[in-house]
Amino acid sequence: MPLPSDTHRQAAVFIDKDGTLLEDVPYNVDPEHMRFESGACEALAELACCPFKLIVISNQSGVALGRFDIGALDAVEAKLRDMFASCGATLDAVYWCPHHPDGSVAAYAQACDCRKPAPGMLLRAAREHGIDLHASWFVGDILDDVEAGNLAGCRTILLDNGHETVWRRTQSRMPTAYARDLHRAALMILRYQERCDAGEAPSPRQAA
């Protein structure tokens with residue numbers, strides 16, 4: 001199937017799952033333990049009013065490490081769709097990376113181009129959903145999220161919520177902007193979009 005032309009591509013907001021959208025419960029695949037981070041539902045409600053595709057991007061190395069079967073992610077995705085709907089938003093897609101180079105499950109114990117900070121999941125989403133990556137944003141809580149977004153050509157927002165502890169800064173790991181939570185990140189994105197729509201052509205860093 002041919003890809004959409006550039007004039008028909010749509011912008012997306014890519015959202016990291018654990019620690020950004022949901023409370024970070026390590027290796028959790030139990031829908032009963034899935035809860036929004038503070039401000040996340042408000043963010044989805046705001047973004048739902050604009051023509052962005054909303055796509056979740058998540059490393060799920062628990063598959064490779066033998067913590068859970070890849071089929072368990074189906075229930076996680078179903079719960080995410082319900083959670084988005086409860087906020088008046090639509091989850092357009094979810095992309096998981098089940099790999100880890102030091103995994104114990106042979107089928108997933110590999111280096112790959114989808115595990116963040118590699119941009120593979122975003123590039124795949126762009127191909128499959130006709131997304132203009134240069135008009136899109138990636139919001140995450142660690143610099144691996146920022147690097148993946150930057151390498152894909154997106155604007156990036158780092159949630160400065162204490163989850164990043166290494167701070168290995170390189171040019172590819174510098175976010176476009178910082179925000180305290182997903183709601184504030186969404187407001188930045190919408191403010192930037194409003195300026196663009198008004199013909200102001202702001203610098204991406206003016207979103208902050």
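Including glycine, each Cβ sits where the backbone N, Cα and C put it.
TrEMBL does not curate its annotations; it predicts them automatically.
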**Asked** Per TrEMBL, which one of Asp102, Asp113, Asp132, Asp141 shares the Mg(2+) site with Asp16, Asp18?
**Response** Asp141
**Request:** Please classify the secondary structure at Ser58 (site 'Stabilizes the phosphoryl group') using three-state DSSP.
**Result:** strand
**Complete:** Arg115 (site 'Contributes to substrate recognition'), DSSP three-state class -> coil
**Prompt:** Do any of Asp16, Asp18, Ser58, Asp141 (recorded positions) have a CA within 10 A of Cys112 (Zn(2+) binding site), and if so which?
**Reply:** none
